[in-house]
């Protein structure tokens with residue numbers, strides 16, 4: 001029977017991702033309970049390897065001409081649902097923040113931030129990181145427009161990756177110099193949960209950008225077919241937007 005879709009052969013990648021995610025989740029519980037961090041790094045490494053090999057097969061399918069209009073539409077819907085799920089996660093984080101900060105209880109000293117916790121100066125490293133991410137939004141847009149106009153888009157994406165790395169370095173410095181930890185009540189928990197998960201998204205977004213930087217170098221894209229690059233750009237703009245909300249609130 002004729003159809004417009006590329007039929008995939010049986011693959012073990014979904015099961016491998018499932019095992020990696022389950023192992024990573026269990027390792028996180030063990031880390032939070034007993035402080036053993038090796039399992040977390042091993043779980044992240046396994047998940048990273050499986051995703052990279054799976055993506056390699058998807059890239060080869062695209063280069064072989066299997067990704068027609070209908071298949072690419074399916075990818076687009078998947079990306080929309082993925083971004084929406086990420087949005088709902090951060091929506092829940094902000095919900096907890098507003099629930100705790102707008103009406104602080106007596107355990108917090110009836111004030112926000114709680115008594116005894118030193119605030120991080122927002123005009124220091126947070127402002128610098130905001131400028132870095134805004135600059136990365138400019139460079140990644142430069143890359144996209146260059147691709148659409150058949151110009152060299154390599155350097156725009158390269159500078160975006162460098163700025164992403166700078167952001168992560170400064171974020172680690174901010175954590176190192178902060179005067180509170182995740183165990184310092186609801187304030188510390190919300191701060192490290194929100195900024196930590198955002199930093200994790202920046203890290204995976206940077207990996208996504210680096211993969212597309214390599215594909216740019218290998219001439220896998222042109223002005224008409226660069227869906228993977230567009231996905232990484234959309235994801236990066238989403239990460240930028242979340243950081244702006246984190247910085248403001």
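Any Cβ shown, glycine's included, is placed from N, Cα and C.
Taken from TrEMBL, the feature domain 'Heme-copper oxidase subunit III family profile' applies to 1-249. Sequence annotations record features per position, and here TrEMBL assigns transmembrane segment to 12-31, 37-55, 75-98, 118-142, 154-170, 190-214, 226-248.
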Between the transmembrane segment (226-248) and the transmembrane segment (12-31), are there three or more C-beta pairs closer than 8 Å, counting only pairs 6 or more apart along the chain? no
Interface-richest range of 12-31, 37-55, 75-98, 118-142, 154-170 toward the transmembrane segment (190-214), CB pairs under 8 Å: 154-170
Whole-number mean of pLDDT values that fall within the domain 'Heme-copper oxidase subunit III family profile' (1-249): 88
